[in-house]
Amino acid sequence: MAASAAAAELQASGGPRHPVCLLVLGMAGSGKTTFVQRLTGHLHAQGTPPYVINLDPAVHEVPFPANIDIRDTVKYKEVMKQYGLGPNGGIVTSLNLFATRFDQVMKFIEKAQNMSKYVLIDTPGQIEVFTWSASGTIITEALASSFPTVVIYVMDTSRSTNPVTFMSNMLYACSILYKTKLPFIVVMNKTDIIDHSFAVEWMQDFEAFQDALNQETTYVSNLTRSMSLVLDEFYSSLRVVGVSAVLGTGLDELFVQVTSAAEEYEREYRPEYERLKKSLANAESQQQREQLERLRKDMGSVALDAGTAKDSLSPVLHPSDLILTRGTLDEEDEEADSDTDDIDHRVTEESHEEPAFQNFMQESMAQYWKRNNK
């Protein structure tokens, strides 16, 4: 009933209409997968079945019904064999390959948003592989850019009874919060083994944590004491819930915190994402305008150079122009040229015929006078 009430409260408060994405992170052995299994069963029992995504390519069996399973897309063993990688390298490469198709996953989530109020994403056991990889960043930012996204950090309470180990977990939680910049919930799992009240006391009471540290005599305790002062402000705004993934206790409080985190996303994180998207769009449009302006200037320069070259070369005819000019002379000019040629030809012939005729007449007269004198 808590899940349904939280969802109804979220809708009534004008909260997000999209499904809330719960990105489950945690150290290996902290109980992430068991937590997702319990969460899935709880939501099914409440009549609000979640949309579940498994991003662990190395898991042998998934103990919950997954709508999308990375193992159906990427074969972890084949990736290791083909690229000659170890276990962690195989997980990173598998996530990288899957991230190239994550736009299709986003489309599936959008189609299912009317049927599912929550999207559960189970990540690989090697937390650093997902948190600090490029593919993990792509997946996280893709979800956060479209849907209310909450990071759930699952912590093994039974292994955090030592102040130094507890501080290490808190430092890792702080680094993930700083990296993702999303609403954050620390789930202290395995409360069926040990109650998480000691951890809450350490977070709220600095002196109680100092008393626990005084029992440690190693040099690490001095470093932990210094870091606890730095993280004191971090604790004040941190959402903490104690949960038993085996027994299912603490889930009601968890969904109350999820509702609060989703409202925080809509109130603080979504405007920031919209501002970033708008600034990126403005920068892109400005870049396009600058490119168009440079192109316009280049085209104007080319046109000006072409006009200058044409003016400077106008007295000189192109060979094609010469051919056209020779082929389009006026007929009168052609006839005049032809008549002139004929006159010149006749004048030349007459000039040669007149001396020959005079010689012929002289020879004839000479012969005539010669015959008469005889």
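Residue positions begin at 1 at the first shown residue.
A Cβ is built for glycine as well, from the same backbone N, Cα and C atoms used for every other residue.
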Key: Which candidate, of SER135, SER279, SER301, Swiss-Prot gives the annotation phosphoserine   = SER301
Ask   = Swiss-Prot annotates one residue of THR161, THR340 as phosphothreonine; which residue is it?
value = THR340
Query = Hey, how far is ASN88 (site 'Stabilizes the phosphate intermediate') from GLY29 (GTP binding site), Cα to Cα, in Å?
reply = 16
Query = Long-range same-chain neighbours of THR33 (GTP binding site), Cβ under 8 Å, sequence gap at least 6?
reply = ASP56, VAL59, VAL62, PRO63, PHE64, ASP122
Message = Name the residue among the binding-site residues GLY29, GLY31 whose Cβ has the smallest number of other Cβ atoms within 10 Å.
response = GLY29
Request  = Fewest other Cβ atoms within 10 Å: which of the recorded positions ASN88, ASN189 wins that one? Let me know.
outcome  = ASN88
Key: Largest separation between Cα atoms (Å) of residues that the record links to GTP, namely GLY29, SER30, GLY31, LYS32, THR33, THR34, ASN189, LYS190, THR191, ASP192   = 17
